[in-house]
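All remarks here apply to the structure that follows.
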Amino acid sequence: MFQNADEAKKLIADEDVKFIDVRFCDLPGVMQHFTIPASAFDPAEELAFDGSSIRGFQAIHESDMAVRADLSTARVDPFRRDKTVNINFFIHDPITGEQYSRDPRNVAKKAEAYLASTGIGDTGYFGPEAEFYVFDSVRLANSATESFYHIDSEAGAWNTGALENNRGYKVRYKGGYFPVPPVDHFADLRAQISLELDRAGLQVERHDHEVGTAGQAEINYKFNTLLAAADDLQLFKYIVKNVAWQNGKTATFMPKPIFGDNGSGMHVHQSLWTGGQALFYDEAGYAGLSDTARYYMGGILKHAPSLLAFTNPTVNSYHRLVPGFEAPVNLVYSQRNRSAAMRIPITGSNPKAKRVEFRAPDSSGNPYLAFSALLLAGLDGIKNKIEPAEPIDKDLYELAPEEHAGVPQVPTSLPAVLDRLEADHEFLLAGDVFTPDLIETWIDYKRTNEIAPLQLRPHPYEYEQYYDV
């Protein structure tokens, strides 16, 4: 919104803005904020906060951190009562003035600079497609004496026998793709979200009900450069959740909220450009792909087992990545084939539209780190001319066992991908984009705060299985 500090001050005064919402991203990927009066905001000044209270940041004995405004990200918040402008900030060390190596937005900024320094290209475009579910309610409890979750949705397949306010038109399990209303209960909600996205500067291309029951949805908007695309995704999630909340609903981007139905993924479309020219198109190549694009895919497929530590970084991610629910578990590439982890969309002969789509990711993690890791893996493939295995255009779910045995698969758990990241992360250190400290912190955080607590707790299904042993 703002190009410089003077422009920011003028607009804040002219538009009678009351508050500035200071936003930055924690290490796991959740946006944080604090709010200051607009009258106290000086775009040129740093603001301080306690880094020891932010997940994945500082220890208590070195907790002071500072943020500096990225004025290009300023947006009026449509959900606040008093006029508020949200601005994303970069994090700095207040003593040295250096950019903080664990600041996810700084990682994305360094990734873009590294791309330009390689001479391969000057711009990377990323287009995530984040699916989500819409529920009426969610209840959960975890204590020493109880553990459960309960979700409900007026459109849920499990509510066909509900006694009250049941007018039918429930969405069957794995049967939600493209039905018209009244089976599609949430067309108006998605339309309202789409209008808010457009007002926020995200150009919506389409919205639809996805395959899952209970309001699973997808809203696609225009791609962007790496850092901006990650900012856009955080803004997208903020708008989706708040519009749902305003309508008495609750939205979740959890990868697998419903057992027995499709999970929610985040397919990521990617392309490289230089001097305004697309680098991924060659009409003579398979599916119209250039050598550069093929090597880029080769890098991602080679490093995928460690990449998933950033693109699929939760325990719940691996409940989605199982055969039978349209999940891309096969580490191969193909034209059109949605059972492959890497797909080349049909885009005709337009070089500018040629891109590759990595289908494994979900949106439970940190988009700044995920997109940066994907770019670095792809660039490693280009620099080292990593050839992917031959494309497979068959339905990979229907291969004979002997054929399927030769197809590489994604790892099946978060501990497995963290082990792979520990062994394979040199490509992430290029250009000092990721630091060894960041990678070590990420692995330790996931093991300590997400894996270990689950290992300590009995699961409700264990009672069903083992109570009467």
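Yeah, the Cβs are placed from backbone N, Cα and C, and that goes for glycine too.
The model shown is predicted, which means the values in this text are computed figures rather than measured ones.
Every protein chain considered, the tally of other Cβ atoms within 10 Å of the Cβ of His267 (Mg(2+) 1 binding site) stands at 21. Taken from Swiss-Prot, the feature Mg(2+) 1 binding site applies to Glu129, His267, Glu357, supported by similarity to another entry.
Positions annotated as Mg(2+) 2 binding site by Swiss-Prot: Glu131, Glu210, Glu218. Within 10 Å of the Cβ of Glu131 (Mg(2+) 2 binding site) there are 21 other Cβ atoms, across all protein chains.
If you draw a 10 Å sphere around the CB of Lys222 (ATP binding site), it holds 13 other CB atoms from the protein chains shown. Annotation source Swiss-Prot lists ATP binding site at Glu205, Tyr221, Lys222, Phe223, His269, Gln270, Ser271, Arg338, Arg343, Lys352.
What Swiss-Prot records for Asn262, Gly263, Arg320, Glu326, Arg338, Arg359 is L-glutamate binding site, and it gives similarity to another entry as the kind of evidence. In this view, Arg338 (L-glutamate binding site) is surrounded by 13 other Cβ atoms within 10 Å of its Cβ, with every protein chain counted.
Swiss-Prot lists 15-96 with the feature domain 'GS beta-grasp', giving sequence analysis as the kind of evidence.
A mean pLDDT of 94 is what the model gives for the domain 'GS catalytic' (104-469). Annotation source Swiss-Prot lists domain 'GS catalytic' at 104-469, citing sequence analysis.
Here Swiss-Prot flags Tyr397 as O-AMP-tyrosine. Residues near Tyr397 (O-AMP-tyrosine) in space but far in sequence (CB under 8 A, at least 6 apart, same chain), listed by position: Pro323, Gly324, Ser339.
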Chain-mates of Glu131, Glu210, Glu218 with C-beta within 8 Å of site centroid, Mg(2+) 2: Glu129, Ala130, Phe132, Asp208, His209, Val211, Gly212, Gln216, Ala217, Ser264, Gly265
Listed binding-site residues Glu210, Lys222, Glu326, filtered to Cα within 10 Å of His267 (Mg(2+) 1 binding site): none
Spatial neighbour of Lys222 (ATP binding site) that is closest, considering only the binding-site residues Glu131, Asn262, Gly263, Arg320 and their CA atoms: Glu131
Those binding-site residues, out of Glu129, Gly263, Glu357, that come within 10 angstroms of His269 (ATP binding site) at the Cα: Glu129, Glu357
For the binding-site residues His269, Arg359, the one whose C-beta sees the most other C-beta atoms within 10 angstroms: Arg359
Residue among binding-site residues Glu205, Glu218, Glu326 with Cα closest to the Cα of Glu129 (Mg(2+) 1 binding site): Glu218
By Cα-Cα distance, the member of binding-site residues Asn262, Gly263, Arg320, Glu326, Arg359 nearest Glu131 (Mg(2+) 2 binding site): Gly263
